[in-house]
Amino acid sequence: MDVFKQSEVWFVIGSQNLYGPKTLQQVMDNAHQVVNSLNSEAGLPVKLVLKPLVTTPDEITALCREANYDTACIGIMTWLHTFSPAKMWIGGLSILNKPLLQFHTQFNAQIPWETMDMDFMNLNQTAHGGREFGFIGARMRQQHSVITGHWQDKEAHQRIGQWMRVAAAKQESQQLKVARFGDNMREVAVTEGDKVAAQIQFGYSVNAYGIGDLVAVVDAVSKGDIDTLVEEYEATYRFTDAVKLNGDKRENLLDAARIELGMTRFLEQGGFKAFTTNFENLYGLKQLPGLAVQRLMQQGYGFGGEGDWKTAALLRILKVMGTGLKGGTSFMEDYTYNFQPGNDLVVGSHMLEVCPSIAKEEKPLLDVQHLGIGGKADPARLIFSTPAGPALNASLIDMGNRFRLLVNVVDTVEQPHPLPKLPVARAIWQAQPSLATAAEAWIIAGGAHHTVFSQAVGVDELRLYAEMHGIEFLLIDNDTTLPAFKNEIRWNEVYYQLNR
């Protein structure tokens, strides 16, 4: 999945004509060097494109208008090399609907103490030019990010890369289509929500399809295509005897391959990048889609069980953010606890649908086993564990007057004991700051039982994503205390009531 190849961020230098052509030419010469260096040496996920210098209100407004309508542009990165009076930016910023990053840098890293004169001071005015630009952003109550540091600094590179990933995720959010196969699991509350409000807030659309619409595509899959896909399975995974050729569950595997091919075609034909299923809506399917869902997630699709469209969309967004990074991202559910002094653990899993991108094993085990829910034939699934390391769980919930993005930082651990009778993929973690505090804070905040689990994407990216969309962000980590957490929720309640 290469979602960044066709994207670009526009690098924009603001100034004014009173500096004269010689100074302005030096500004652009420096800008060319900065952009070329960032593109070639900073490891950025998205290409920077240097735009012509803007020195008038009309030029700025025209550039912002062009950015809005250019589908390749996912955001604007500004640098105030000199002083650019910020009233010139009001018209452009008032219509800009792409993410905005102010790179508060300067061409020279250190002050040339021996030679610095007023010409040098006149040219290198980021220190106060950036403050003028920052004021108008604050005055207009506009969300924009600020990164301070020299353009050759590795930390600045890393933060710019993070911002680019989130900007790309916002672009994806605005064009994302989510398909729901069936409806919500009956009587479940947290997987419901206002889909119209979500489309207004995030841009993505959510529409339901009768299971018969999917079944028609599944039934049209040819035997030849099934055989080809099963050959891919055999090359990619370890098989139990039951699913090998002539095994007693081989037919179930073939049915699973048919379902995968049908689901893939349905999603591709409709332009969907996320979807949900529901074990209560399976009429016409021989088994609950398990293997199909796992493999589609690994290809970058978002997924939510039991009709959970918010988690499906969020998973797709994190898949985009994490493209090319080490570690995977998966649909997840807190399933059961290990209460043990000094070793409290959470086992995360689901009935079947855990993404192999988080698998520790190079070749997960493919098996068919009984599933005592859904009333269908035994489904195929991939079974694996998850490597140790830092991770997070994220949940997007509808609070009625706002959306809340809740994140818990966790530490994934190696599976401490064999699980010979557990026929599903799983991750095991220690919640920060402790199981007790994390669980209580999560429950108090109304966090869902479904989450997006990621070992690729970090807290900073998710906080920035929430800021870009103007939604609430709550973090549970090693610094969390319940009294402070409860107070934050109370303060947020007041803020979002006043900010409606």
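Placed from the backbone N, Cα and C atoms, the Cβ positions cover glycine too.
Keep in mind it's a predicted model, so treat the numbers as computed, not measured.
Lifted from Swiss-Prot, the feature list:
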- Glu306, Glu333, His350, His450: Mn(2+) binding site (BINDING)
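Known features from Swiss-Prot, placed on the structure.
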residue: Glu306; record: Mn(2+) binding site; Cβ within 10 Å: 24
residue: Glu333; record: Mn(2+) binding site; Cβ within 10 Å: 21
residue: His350; record: Mn(2+) binding site; Cβ within 10 Å: 22
residue: His450; record: Mn(2+) binding site; Cβ within 10 Å: 26
Additional residues surrounding Mn(2+), by Cβ distance to the Glu306, Glu333, His350, His450 centre under 8 Å: Gly304, Gly305, Asp308, Thr311, Phe331, Met332, Met351, Glu353, His449
Local backbone state of Glu306 (Mn(2+) binding site), from DSSP in three classes: helix
DSSP-derived class (H/G/I helix, E/B strand, else coil) of Glu333 (Mn(2+) binding site): strand
